[in-house]
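K.L.:
Can you read through this structure? Questions will come right after.
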Amino acid sequence: MVSSTRKTSYRTFRPVLKFYKVFFLTLVTSSIISANCVKYHKNDFNQFITFLICNFFISTITYFGTFSLIKHLKKRGFVGTNLNAVKSAEKVAEPGALLGCVVYILVMVLFQIILRGRHENVCQQKNNDIVETRIKPCARIDRDNDVAASLPLCLAYSGTELSLYRSFQWLSSRGYRGRMLTYVIVVMTTVFCANAINIYAGINGLEIGQSLVMAFFITIYNSMDAFVGSLKNVPDPSWERVRCSIITHDQRLYTYYFTLPFIAVNVSLLCFNWYPAKLFPGNVYTLFSGAFFSTITVIGELWEVLPFLMLPQLINFFISIPQLVGIVKCPRHRIPKFNNRTNKLENSKNYTLLNLFLMVCGPTSEEGLTKALLCLQTLCCLLGLIYKYYMM
């Protein structure tokens, strides 16, 4: 009986995107790249391999556990309406990313106990976000929560001022150095990241897809730093002008420990959120993801590449300013308009990057729009790679 119920649940909620394809393309690839950098540190390598194996199990558990989560959410009425589909479309489970967020928090707590880490701000902000999904406070309270959640991050950010101000040389040249300015920049980064993904959303696969692309490239940046740092000792003039970050091996290892579990849960969630979605991640995920990127920026010293990592989010934010500040009327949902006759998305004349893309390229399918925007995200991350290692 139980087995039959599970099979029925699997057939009903089976995602379109194949888990094993995304798993090997992102998680396995990023794991191989990171392991290749850690292998030169024999004291950490064995522990890191164990960590990678655990990561594979984390992704698999999240994937199969999400089937049950979707079933229970729909049974209890935790559902959302797909606004980019016909009115008769089936309700979609929301917040479907709840299991992935909880798994990530538990994994971080476990690794902090094992590694005796001090960066507990991630878990604190994630707990705030889980509560936010049901309470839905006003925007001002949301901003206050983001600022409050950034305070432990400010306290954890010590001894790395040089790298931060190297990225803001115009401040350094005018003599504005100081811990207070450091705190202001960290708080602003936290508030922006926590909301940037939240307003750059609205179509199946975009929220989780953009986060997965950015997290994947963080492992690339991290590994490139180690690679370029090792080439500094090679007598080749072509590498002398290439500058790597000043982060230590422990910082780099922490970045891997934070990022790879994030990729693991996102691999599972993307399969269910891809068009046609079986779940909506909800606000719990967008703020969860934003908190992750603000934290990893500080820990991994990603100040130089953060503008490239989040370039589409920055563009979307600047386009959205007239509606966000009230100059232009701002509806609750600023997503593109769905045409029932053509089954394509059209420009709804709201101030977002999604609508700008549709205005320039014309109506397109929801899946096609998601693929195009994720390609744009990938291109921006590649530009960050080129800028950091070949143009600075």
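Keep in mind that glycine also has a Cβ here, set from the backbone N, Cα and C atoms.
So TrEMBL says this about it:
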TRANSMEM  47-70  transmembrane segment
TRANSMEM  97-115  transmembrane segment
TRANSMEM  180-200  transmembrane segment
TRANSMEM  254-272  transmembrane segment
TRANSMEM  284-303  transmembrane segment
TRANSMEM  309-328  transmembrane segment
K.L.:
Short question: most Cβ pairs under 8 Å with the transmembrane segment (284-303), which of 47-70, 97-115, 254-272, 309-328?
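P.N.:
When the Cβ pairs under 8 Å are tallied, 254-272 comes out ahead.
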K.L.:
Go through the chain and flag residues at least 6 beyond the ends of the transmembrane segment (47-70) whose CB is under 8 A from any CB in it; none is fine as an answer.
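P.N.:
For the transmembrane segment (47-70), the list is 6, 9-10, 13, 19, 23, 27, 31, 34-35, 38, 93, 96, 98-100, 103, 107, 111, 253, 256-257, 260-261, 264-265, 267-269, 271-272, 278-279.
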K.L.:
Taking residues 6+ outside the transmembrane segment (254-272), which of them lie with a CB under 8 Å of any CB in it?
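P.N.:
Non-local partners: 13, 15-19, 22-23, 26-27, 30-31, 34, 38, 48, 51-52, 55-56, 58-60, 62-63, 66, 70, 96-97, 100-101, 103-104, 107-108, 111, 115, 117, 119, 122, 205, 208-209, 211-212, 215-216, 218-219, 222, 247, 278-279, 281, 285, 292, 295-296, 299-300.
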K.L.:
Same chain, outside the transmembrane segment (309-328) by at least 6, Cβ under 8 Å from its Cβ: which residues?
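P.N.:
Counting only partners 6 or more residues beyond its ends, the transmembrane segment (309-328) has Cβ contacts under 8 Å with 192-193, 196-197, 199-200, 210, 214, 217-218, 293, 302, 334, 350-354, 356, 373, 376-377, 380-381, 383-384.
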